[in-house]
Amino acid sequence: MSSTLREASKDTLQAKDKTYHYYSLPLAAKSLGDIARLPKSLKVLLENLLRWQDGESVTDEDIQALAGWLKNAHADREIAWRPARVLMQDFTGVPAVVDLAAMREAVKRLGGDTSKVNPLSPVDLVIDHSVTVDHFGDDDAFEENVRLEMERNHERYMFLKWGKQAFSRFSVVPPGTGICHQVNLEYLGKAVWSELQDGEWIAYPDSLVGTDSHTTMINGLGVLGWGVGGIEAEAAMLGQPVSMLIPDVVGFKLTGKLREGITATDLVLTVTQMLRKHGVVGKFVEFYGDGLDSLPLADRATIANMSPEYGATCGFFPIDAITLEYMRLSGRSDDLVELVETYAKAQGMWRNPGDEPVFTSTLELDMGDVEASLAGPKRPQDRVALGDVPKAFAASAELELNTAQRDRQPVDYTMNGQPYQLPDGAVVIAAITSCTNTSNPSVLMAAGLLAKKAVTLGLKRQPWVKASLAPGSKVVSDYLAQAKLTPYLDELGFNLVGYGCTTCIGNSGPLPEPIETAIKKGDLTVGAVLSGNRNFEGRIHPLVKTNWLASPPLVVAYALAGNMNINLATDPLGYDRKGDPVYLKDIWPSAQEIARAVELVSSDMFRKEYAEVFEGTEEWKSIQVESSDTYGWQSDSTYIRLSPFFDEMQAQPAPVKDIHGARILAMLGDSVTTDHISPAGSIKPDSPAGRYLQNHGVERKDFNSYGSRRGNHEVMMRGTFANIRIRNEMLPGVEGGMTRHLPGTEAMSIYDAAMLYQQEKTPLAVIAGKEYGSGSSRDWAAKGPRLLGIRVVIAESFERIHRSNLIGMGILPLEFPQGVTRKTLGLTGEEVIDIADLQNLRPGATIPVTLTRSDGSKETVPCRCRIDTATELTYYQNDGILHYVIRNMLN
């Protein structure tokens with residue numbers, strides 16, 4: 001193959017009388033062979049390799065290997081992918097900017113040029129994670145929540161404004177605008193990017209990585225992208241390619257159409273269940289089939305959004321006529337739309353009817369078989385048919401109590417002077433929230449229409465339900481108002497509370513005090529119903545043990561019913577003014593009614609709301625910062641502190657030390673999420689982080705959340721493994737971030753034990769089951785363990801992003817051999833761990849792990865090194881990816 005394949009494949013195309021240069025896959029195919037049936041998602045990767053071919057980071061062999069994927073629908077090769085841009089939200093963005101600022105300090109200390117610490121590709125940071133539902137249920141809720149958000153986060157927002165002026169190619173979308181993935185879908189995403197290079201306009205596929213796992217939503221627009229940890233995103237924006245293995249691609253064939261009364265939410269919960277069962281971790285999923293001909297882009301985005309929940313790297317929908325239709329609706333220019341169509345067709349990236357690419361494996365779903373569903377009570381893949389929810393709730397409640405005897409009596413309480421009874425199974429939170437569904441006009445209009453019918457019949461929200469509406473963009477408010485549905489949602493308590501993530505990420509705010517007291521008094525198992533994408537235990541609210549994902553209209557329906565024990569398929573939701581029962585079917589809007597309402601959504605709404613997307617409110621504009629290349633760290637700050645990760649860094653890496661005499665800090669079960677490892681929600685006053693804040697003069701009311709404090713490593717290391725629902729098997733029957741300082745028997749916080757081990761210079765290990773690190777792309781779930789002194793995590797399997805994050809922080813991920821677990825080994829957590837010869841580590845190698853039991857007996861377990869690529873090994877040997885990037889800058 002020609003060493004100048006990149007040059008040989010360069011071609012031009014015309015769009016709107018403008019000439020664009022591009023790297024043509026059909027021209028490349030003359031050397032590579034027929035690539036017509038390569039999955040469209042891999043064609044995006046192939047173009048990327050072709051465009052970046054330099055003979056070093058991208059070679060002929062890399063391009064040949066990706067084109068040769070077709071032979072076996074698999075390829076064992078590491079490639080270097082360079083996304084066009086980076087997307088961030090503020091919870092992950094603040095610590096990323098802290099790292100960049102700290103890197104500038106390190107480069108300065110080591111005699112380098114600080115201006116090299118600058119993004120080389122566009123970075124958009126959307127502030128969406130900080131608004132909390134403190135106020136709800138009235139017309140003032142939005143203004144009050146915004147006021148509190150600005151008050152609590154003033155220092156963080158000052159820091160982000162400093163970053164905006166200090167770093168090039170770095171844009172900030174201010175708070176109160178929308179959710180990053182919805183803003184990306186509706187405005188930032190281009191499908192095809194173009195830029196002026198050496199006097200030529202170059203066209204290439206839009207692509208990105210994001211510091212949030214639901215970055216995958218943009219794949220609904222035909223834009224390849226996925227979530228990575230903040231540390232990997234920082235490296236990407238500084239010019240470091242994303243190291244990855246060429247993925248397997250699972251084809252998901254969609255046929256037929258959804259039946260009357262079935263929503264995109266029901267569809268995505270079904271797809272999630274099927275793909276989780278199939279096993280797609282580390283793989284691409286690509287959707288195909290004639291069912292796509294009638295699947296709106298908003299529905300595709302909903303499915304793509306939940307890729308982390310089904311475990312795939314991404315869920316890709318190729319560009320087609322429906323993509324262009326959505327781009328026009330959302331206010332993209334005619335020039336861009338024509339370029340997207342012309343480019344996609346020229347490159348073989350356009351979806352044609354009957355396309356059957358080659359896939360590693362396939363699944364098929366007739367959308368006519370999808371039924372009304374929820375997912376819960378603790379995992380998004382646990383789909384439950386609507387009529388089976390009471391049984392699923394009862395089963396989970398019994399499991400929680402470890403007994404079949406469940407007879408919890410209602411608890412009397414008084415609110416606003418009125419006496420009530422709070423039943424077991426009460427729905428205490430009903431939230432229309434999350435980009436997953438609020439990006440979808442059909443389910444939002446359905447919720448509004450259902451509310452209208454309910455109000456007309458005289459139905460009311462149950463008094464113990466905290467209801468909220470938090471759309472992912474202001475466009476939602478515009479079209480609900482245009483359809484005259486806002487007053488009905490308001491009447492049922494679904495007033496606007498903010499434009500941001502809110503309940504979906506755990507910012508549900510406090511429940512009314514009488515409700516919290518009643519739950520505790522009766523030890524009630526209560527529920528939250530939300531239109532989000534995650535329902536892990538302890539995530540939505542500390543007192544809410546069961547969480548259910550549902551479509552927006554079902555969220556409204558559960559607010560009316562107020563109880564998870566009611567069967568919405570057969571039982572009445574409530575009673576009308578005459579006392580007659582009202583069933584869900586009586587108020588569920590028809591497909592025709594929904595379609596008429598959706599027709600009111602216009603491109604003018606999108607253009608109006610996104611015209612000043614970077615401007616922000618008067619409060620945002622009033623935040624003043626001084627211009628400087630390096631940040632003026634405040635020693636008394638409890639939000640922003642200079643991170644210690646580069647304190648002892650030298651210009652050359654030291655050899656990797658073997659692990660001798662490591663103690664187990666925690667022994668955990670299956671599906672331990674990054675929420676368990678590094679919670680984002682509220683900080684308990686009696687926790688190590690709570691005590692730290694109080695010792696630094698912060699009152700309880702000003703604690704804010706762990707997520708908002710990610711710019712302060714002192715808070716975050718104390719919050720590591722601090723989820724109130726985590727279960728360390730070293731302390732049976734105990735919930736929360738507790739452990740033993742071995743060889744002692746006393747229970748203490750994981751943080752306190754880790755500090756004692758550090759004083760003794762004892763390295764630490766974590767033992768876990770399957771799917772360790774699932775959930776959010778939370779880099780503090782790797783940074784926190786690093787600061788606690790954890791050197792190795794040994795698990796049955798890892799979720800993709802977290803495994804990468806561990807390596808990025810210099811922590812070794814090891815996998816037990818097939819069929820071997822902590823249980824088959826009979827581990828107690830009292831074992832001492834030794835791992836030798838780490839200087840000669842190889843990707844994927846078998847590593848002998850020696851376990852010394854408390855009786856002195858030894859056992860060696862051959863574990864698999866989950867450092868998968870040579871590039872990852874280089875990062876590990878440099879003590880982390882950012883250390884490697886800094887050393888590159890210095891050299």
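A Cβ is built for glycine as well, from the same backbone N, Cα and C atoms used for every other residue.
Bear in mind that the values here come from a model prediction, so they are computed numbers and not experimental data.
According to Swiss-Prot, the [4Fe-4S] cluster binding site annotation covers C435, C501, C504, on the basis of similarity to another entry.
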### Task
For C435 ([4Fe-4S] cluster binding site), write down the residues of its own chain that are at least 6 apart in sequence and whose Cβ falls under 8 Å from its Cβ; none is a fine answer.
I179, C180, H181, Q182, L185, H214, M217, N305, G472, C501
### Message
Beyond the listed site residues C435, C501, C504, identify every same-chain residue whose Cβ lies within 8 Å of the center of their Cβ atoms for the [4Fe-4S] cluster site.
### Response
D128, I179, H181, H214, T433, S434, T436, T438, A470, G472, G500, T502, I505, G532, N533
### Query
What is the total of other Cβ atoms whose distance to the Cβ of C504 ([4Fe-4S] cluster binding site) is within 10 Å?
29
### Other C-beta atoms that fall within 10 angstroms of the C-beta of C501 ([4Fe-4S] cluster binding site)
30
